[in-house]
Amino acid sequence: MAAAKKPRVVLLDIEGTVCPISFVKDVLFPYALSALPSTLAQEWDAPAFARYRAAFPAEHASTPSALAAHARDLMARDVKIGYLKALQGYLWEAGYASGALRAPLFEDVAPKVREWTSAAGEEGGVARVMIYSSGSVPAQKLLFRHTSGEPADLTDAITDYFDTVNAGPKTEPASYERIAAKYPEVPAGEWLFLSDNVREVEAAREAGMRACVVQRPGNAELPEDVRGRLEVVESFEEL
């Protein structure tokens, strides 16, 4: 690891990489489910809610109960689709604003992000940190604005955000090529992608990026063959 060339861009996954998988599964998703009925009852005809309702397929947006049933079904099956992600982000925004939600970053994350970005402009230093997650870009920004770090808001250190809408599926090499193409001044080989998902790491590598599997507490155990053929880290301090 130490001999690897320092990247110019670090591209970070979120769930299982910068925060525990359990935060999304056991905190964010249940919060959205619990907040959904009252939000639909109070805001169904509100202008601010109209675009979220309109994004759902017409057959599921005719009544609050129909939309709620469809949203619950999608969340139960962990379907990653844009209109659901947008609705979840809207629901989470209120939770973050009230203090009910706060993203529990692994303790090495905030210091390392600050270290990477403070090295901008130095020879061999990292100039940019970016995010690529299946969660919507607005939800990503909310998470990094309300973290357990000190200070809690990390958004000033993050240059750009990508999701499955503006970049594409995370297991397809073309998505990483699309991300890198937005910054043509940085060759793909000078990007470092960090994720707990082996298929995502393989896709990024196929697109020419350096990529590492991040093995965090609570993540599924990695097969031995993965450790033999891919870079694996347990903390950003190893980078």
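Along the chain as shown, residues are numbered 1 onward.
Glycine too: its Cβ is placed from the backbone N, Cα and C atoms.
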Seminar exercise, completed: For the Mg(2+) site that Swiss-Prot gives as D13, E15, the extra residue out of D163, D196 is D196
For this session: Have a look through K112, K170, K182 and flag the one Swiss-Prot assigns to the substrate site that S133, S134 belong to.
Result: K170
Seminar exercise, completed: Expressed in Å to no decimal places, the gap between the Cα atoms of E15 (Mg(2+) binding site) and S134 (substrate binding site) is 9
For this session: Count the Cβ atoms, other than its own, that fall within 10 Å of the Cβ of K170 (substrate binding site), considering every protein chain shown.
Result: 23
